Structure formats: structure tokens, C-alpha cells
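Quick notes on the structure that follows.
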């Protein structure tokens, strides 16, 4: 019965949602027509009740009948001391600088980061309730952005709380310096007594560093036992932190663990637009789409690519078209990632440039002599130089098969009669095609 219920739920949610929200989900018990589900923490419990109530309700009714009901419980971690309430003390201010651009408003939410985003936002709104929060994911996926967004949100909305953002390297260096100077007690006072929300970035830096791990373990315990919020970021999940003390890894896992996945193409496009908005810049939609499609390894590189295009535009005074963007971003794009421009589309672009006739007019029904000549040159070069089929040429130039045959014949006859001006234009078009091919 348990497996039937789980399978029924699984058929009603997509794979990504199942992995994000149901990884700790299980049927705890079935008592008559009542199903008790169990999840890993309060955040997931509340999220499932809010977003998936109808899914769960329908699933249990299908298996157990229309009178079936359900409830969701979660396994709460018992802290070392009797203190278990969310953080309520309010004191001073921000103890370390935060990047003001890292806010929840500037974070673009997509399928791959939705869970981590909402978890971080809930932690910011309710410090101490979901504790600790452990966010992990690859380089440049937004871990630091979320981490500092928590800090910025708390500073804006709970100005009396003391917020500290540090990298694990800074934690290590502070520990070493305090030991050299005989100020270990001051170090512990700083990190255990004088902070209400501790945000630790790049914890994987402490792999193999047993001494500092021990100090972090005791710092963690004291903060957690006092109901103080801890948020940790890493490039890998807790159980893959090799050479980390098991007791510390277990502490990381006892709260909320959220993964950041690489954004899909649509999310990258939204992120690219947000970056343009922040930089007060503009780029053509086709250029923005090209960047989102091809610069996909991490968001830092995506931002770097956009900044490069904006700087080029500002310093040269030129608009950035697709061809220019491809050339400018060669170093940002993995080999063979750029989708090759369709040969005839590129040919039409070149013919437009050489003849001075806009692409739209070449493809229109205009009988203007210049447009007619440009159109015929394009079809002739496509047939005799690119070796394209008549059917393909007809489709690309929006013409019938007989019109293409007639246009190619007219250009050929004119060349045989010694039309030097026409030959010069064709040679220039072919020369530009060759130049582009050689430049990659």
C-alpha cells in the first residue's frame, strides 16, 4: 500500500519536482483511511502543504478511497541544550561588509534554483527556524548571491540582529592569527558570542584541515544551541566533503540541505536580461539569446560576456550585432558550441552589405532594380558557389522554383555578355564568404 501511494504521487509530479521536494518524503504510517507522511524538516512540510496539497489528496484518495485523508509530519532535530526557539534576540548591526547587489530581488528564479531560493528566503524571514541551511552547487551558480541576500534582507528588516558573512579561508586565517597572538578567547567570543547570524562561504576550503574543523564544530554547536542561524555554502554536498570530520558533516545535514543546479536556457535568458537591467544597458534580443544559449557553464562567465559586449558598445559607439557578438565572445564559448549560421542566411546578410540593399527588401516582392539585382546575385551564388539545392534556395528567398531557375540563368547570361559591374559584386560577395570562413 505504501509503495502504491508513493507511486501514485510520483506520477503526478515531474522528475525535477520529485527530486527537489520529495527526496526526504516517505509514508510513515497508514491508519485506516489516514496516511501520515514524513519529511526531513519543517520547511519542506510547509512547502508541500502549500504547493502540493491537492496532489497528495488526490493520490491518497485514488489508493484508499474518497474518504482518505493525510497529514505531514517532520523529524525535528533535538539541540544539545533546552533552547529550541527561533532566534529572538535583537542587538547591533552588520559585522562584515555585504555586496548590496546581492539581494533576493536581483536573483532570477528557475527550476534549478527554486528550492534553494525559497529556503534562503525563509531563513532570512525566520532566522533560527531552519537551522542550519546548507546550500551547495557548482562554481558561479549563485551560492554567494543567496548567502549575502540573506544577510542584506536581515539587515534591512531586522536591523538589530548581528550578521556576519565570512569565507572559510577568513575563518581559518582569523583562527591562526588569534593562536599566534594568544587571543584564542577573543576569537571564540567574536564567532560564538557576538554574532546572531553566521554566513559561511566556501566551506570546502577546510577539507583536510582538521584543527580548524574542530574549532568550527564547537562554534557551530554553541551557535545552534543558542538558536542562532547558521548558513553554509559549498561546491559539493555534505557527504562528499572528503577528509571532513563525520560529526561536522552530520551537523551540516541535520537542517535544510538545498542544491543549486545549472540554469536552463530560459532561466539564463532571464538572468541575462536582469544583468542588463542592473548595468543599465541594452543589447539586441538575438544577441542576448545567443549569449544565453552558448555561455552556459556559470553565471559569472555569463555576466562577464555581457559586460564585454556593453563595454565594446560604449567604447566604439557601435551597436553589437550577432556577427560581432560571436567574434567578441570567442573566449567565452566552448569549441563547437556556437551554432553555425545557416549558409544562405549568412549569404543574404553579405549580399545586403555589399549591395546596400536591406535584407528585408531582398526577401520582399520589390521590383526595384537594385533589389532585383541583389536578389538574383544571392540566388546565383547560392546555386553555383554554395551548391545549395534549388528547393532550399526557393525556401530561403521566398520564391518559387521556376523563379530561382530563371534568376540564376539571367545572372549567368549577363556574365557571359561581359557585365563587369555584376561580376565585381559577385566577386566581392564570394570574397567575403571566403574571408569569414577562414576567420572561423
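Backbone N, Cα and C atoms are what each Cβ position is placed from, and that goes for glycine too.
Among the candidates 300, 303, 359, the residue that Swiss-Prot names alongside 108, 113, 140, 141, 142, 143, 144, 145 for the ADP site is 300. In the three-state DSSP scheme, residue 144 (ADP binding site) falls into the helix class. Here the CA atom of residue 143 (ATP binding site) lies 13 Å from the CA atom of residue 108 (ADP binding site).
Within its own chain, residue 144 (ADP binding site) has 102, 201, 233 as residues 6 or more apart in sequence whose C-beta sits under 8 angstroms from its own. For the ADP site, whose binding residues are given in the record as 108, 113, 140, 141, 142, 143, 144, 145, 300, the maximum C-alpha distance rounds to 16 Å.
In sequence order, 107, 137, 146, 260, 298, 299 are the residues of the same chain, not among 108, 113, 140, 141, 142, 143, 144, 145, 300, whose CB sits within 8 A of the CB centroid for the ADP site. When pLDDT is averaged over the region 'Domain IV, binds dsDNA' (314-440), the result is 88.
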